[in-house]
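Following this message is one structure expressed as structure tokens.
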Amino acid sequence: MTNIRKSHPLIKIINGSFIDLPTPSNISAWWNFGSLLGICLILQILTGLFLAMHYTSDTATAFSSVTHICRDVNYGWMIRYMHANGASMFFICLFMHVGRGMYYGSYTFLETWNIGIILLFAVMATAFMGYVLPWGQMSFWGATVITNLLSAIPYIGTSLVEWIWGGFSVDKATLTRFFAFHFILPFIIAALAAVHLLFLHETGSNNPSGITSDLDKIPFHPYYTIKDILGLLFLIQVLMLLVLFSPDMLGDPDNYIPANPLNTPPHIKPEWYFLFAYAILRSIPNKLGGVLALVLSILILAIIPLLHTSKQRGMMFRPLSQCLFWLLVADLLTLTWIGGQPVEYPFIIIGQLASVIYFSIILILMPISGIIENHLLKW
């Protein structure tokens, strides 16, 4: 009799994806982030579900309903802060995952990479809409500023913004629809993640050396299930340290003030994980130009496979490209810092320089370094 996990129509899919999956024997801890992202998504859906049981998406009661969750619901404060800080952990894992893909040349799996970019946009949209729901000052003004960017689109811009708002300003209709979208999007993300995995398993995983590993594959279970559990323990430890000791460290104090359309906060800024893109947006004095730069800062990932000039897949044996990669990481950290600073000298010029460096590294310097390294191979 054949094993049920290999014959049952449903269980054999799980078996092929998580148990008997042939995996390269040399993948490092940088390959942990895919499973961690899956766990983050499940955690966010579960905590979000419990929050939705007590939340009301009405401008009059949204803020007080969140307060009610924190004060009156059993462990409501913990569920709320796990959800808020879980989003931060989600983005840390996302950035690491994308960075790993760039470093080791995983973008040569085109379908997997492109679905990954769609996933990134979907997660960013979900996080943005989630930030609006508590209806604090930063929620309201963040929603106003970011949705207003669409008015830069020629001809249809203003109509589009009012259509999204459901009126002439961010109001009850906006909050209700944002809640609806924030609830449905994680399930769409889960479906996209399954497709992401489907395409990945068509080709098999990449590995640090960048060369084919078909000759040296090992089963996913028990080797990588154990390795992933170690990563999971680290993730939960960091998350619970944040939740239990400094739950508001990554948040904005202004969001504890109820939304007031008549009073603008001194510095409107998004959550920390959007600051790099926000800095790029602010560094261009033109509204439409800024919006284009903002979108391109993420969409640029889609053309990375076209800019690959090296004969080698990853950067493991390419010191010049490694230097550029870590320069890019430093540049993104600089942009993140600048995004949280007020719009004044010297922050404006630093932001503009960092934005130029960001696009220059990806579009110009990395392809050139690939060509130089190809020539060095001939020596």
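Using N, Cα and C of the backbone, Cβ positions are placed for all residues, glycine too.
Feature annotation from Swiss-Prot assigns heme b b562 binding site to HIS83, HIS182; the stated evidence is similarity to another entry. Residues or ranges marked as heme b b566 binding site by Swiss-Prot on the basis of similarity to another entry: HIS97, HIS196. If you look up Swiss-Prot, you'll see HIS201 marked as ubiquinone binding site. Taken from Swiss-Prot, the feature transmembrane segment covers 33-53, 77-98, 113-133, 178-198, 226-246, 288-308, 320-340, 347-367, and the record attributes it to similarity to another entry.
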Spatially speaking, which of the binding-site residues HIS83, HIS97, HIS182 is closest to HIS201 (ubiquinone binding site)? Use C-alpha to C-alpha, please.
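Closest by Cα distance to HIS201 (ubiquinone binding site) among the binding-site residues HIS83, HIS97, HIS182: HIS97.
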Between HIS97 (heme b b566 binding site) and HIS182 (heme b b562 binding site), what is the CA-CA distance rounded to a whole number of Å?
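For HIS97 (heme b b566 binding site) versus HIS182 (heme b b562 binding site), the Cα atoms are 23 Å apart.
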Hey, what's the Cβ neighbour count for HIS201 (ubiquinone binding site) at 10 Å?
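Here the count is 14.
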Neighbour count, 10 Å Cβ-Cβ cut-off, for HIS83 (heme b b562 binding site): what number do you get?
21
Could you state the CA-to-CA distance between HIS182 (heme b b562 binding site) and HIS196 (heme b b566 binding site) to the nearest Å?
21
Going by DSSP, give the three-state secondary structure for HIS182 (heme b b562 binding site).
helix
Give me the non-local Cβ neighbours of HIS196 (heme b b566 binding site): same chain, 6+ apart in sequence, Cβ-Cβ under 8 Å, ordered along the sequence.
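Long-range Cβ contacts: THR112, ILE115, GLY116, LEU119.
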How would DSSP class HIS97 (heme b b566 binding site) in three states?
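DSSP assigns HIS97 (heme b b566 binding site) to helix.
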